[in-house]
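S.K.: Supplied in structure tokens, the structure appears directly below.
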């Protein structure tokens, strides 16, 4: 049934995309290789805060340096007057080498978020350049490009905060504006190079990425998720037990509860769970 209240509307693009997403192939690769793609046979050991800080320092340095070095070696970049590195990659490096478990740092967000933001930013810039008063309204174009880039990333689940800076720079920075559509391959190359560097450094004593596409398990065999109304599928005996218990207790409607058992999570019918929350609860249920 269509909800008339806009506050209850929810759009999940993964509902349409995930059925076509194959399960990760890392388990079928040699373990020394799959290790650097974030695959682990067992839960990684916990570390203090000094180890992540140390590797973040090494990673940020290597990631930014790698993007700059690779960009300088491409003749077409020099011919177009491309900057040594797009400024938003500084913020991206902090996310990808320090906050490596955050959803905003995962490959889908770091690569596709930058790509979509670059496309939106250049498109808005080209649109505003049609005006003879471009310099006077450039500030408006920058605000609009950042806002639209955020909207597109949110709808596609590719939110990456540094990408907002990419969309903004595409309109307000003279050095980036002159690149035009050539900004897109520059941003894509930088994103891929930084991701490749992160796969190496972040998997020395830590694990990266937590997931490649979605925290949801796209395999057929996964932790069973149920709504309260589906519990009767466990069998008639359990259903009868629940019914008899409910009759013997008060007729007042009980408070909604979330049930977690080893390898199983049951949530109330009305409760909305994000993919990130699902992943967290599944991990907890597997530890019971």
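Keep in mind that glycine also has a Cβ here, set from the backbone N, Cα and C atoms.
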S.K.: Would you please say which range out of 179-201, 202-224, 225-247 has the annotation transmembrane segment in TrEMBL?
M.R.: 179-201
S.K.: If you look at how TrEMBL annotates this chain, which of 50-70, 71-91, 260-280 comes out as transmembrane segment?
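M.R.: My reading of TrEMBL: the transmembrane segment range is 50-70.
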